[in-house]
């Protein structure tokens, strides 16, 4: 008698082989996809970052940068030079304060979180090293507001550093306008903002949906708002805003995007002018505005282009659409009143 067993037909064997090949293909192709993604992302692949820790590092970075900024200014060793031209044809200034602050801020963040992408105003030699390190201390002020860790994937993060905001005013010794800033964007949205004033030691920080050490003011003037604007743009803004809101509309001319954002908030313990709306009518770099955008978002405010568009903090360093920032106001109404009159100037040189 022939032994009993299972006999497969040639068709059955063929089907089995095809199924096995299909399984192997999916397993192996998934493996290759993962390896390829890791190759593209380098050290960033698969890492997670705690946003609470990153906030603590960002605050420390802004403070360390501020130490360098203040030291250079007080020693009068600016070594001022032009690093290029602005679109308006003016020299774009750089000082030792910019360079030394940039070095400290960049390396502190990269040494603490090597997997994150950092965009900074001044060039950094990737082979240059700095021993500055984070001590892993999270200040009680942050732990009181943000109780637990907030992990996100490192590849979703873009950090924007401004090592010295208001360089022009810094060179003129108008130091009240000077700030150092750090912003953390997650998938292009500003989530963490830090603005530090080196010459007073004041620091504002916020994390969207989590907490802040600063708040909005108790009231704002929507009928005849006070506008704050760059010192070189006050003439054209004054004309448009007074046509829209009346001759009693006040214009504050000031330096520094960080200073202007703080003017919208409750900064009672520091020398700070107060405004209701911040307008910028030409293009502006994202490291100038990201930190302020994050803080305003965390407090329920808004920062958009002059057309009311949200600003994405990925890709290009430039924001071409001008700027409108407010809090405690009807932002959409402001956009509606001002967009048609000002947006046409967004790419024109400042007067």
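In case you wondered, yes, glycine gets a Cβ from its N, Cα and C as well.
For the substrate site, Swiss-Prot lists 121, 164, 165, 166, 167; matching the candidates 288, 330 against that entry yields 288. Residues 98, 101, 102, 120, 122, 161, 163, 165, 167, 180, 181, 287, 288 surround the recorded Mg(2+) 1 site, their Cβ atoms falling within 8 Å of the Cβ centroid of 121, 162, 164, which are themselves excluded. Its Cβ placed at the centre, residue 162 (Mg(2+) 1 binding site) has 32 other Cβ atoms within 10 Å.
Candidate binding-site residues: 164, 166. Fewest other C-beta atoms within 10 angstroms, 166. Shown in sequence order, 121, 164, 166, 179, 181, 256, 257, 258, 285, 287, 289, 291 are the same-chain residues outside 162, 165, 288 whose Cβ sits within 8 Å of the Cβ centre of the Mg(2+) 2 site. According to its DSSP assignment, residue 164 (Mg(2+) 1 binding site) is in a strand.
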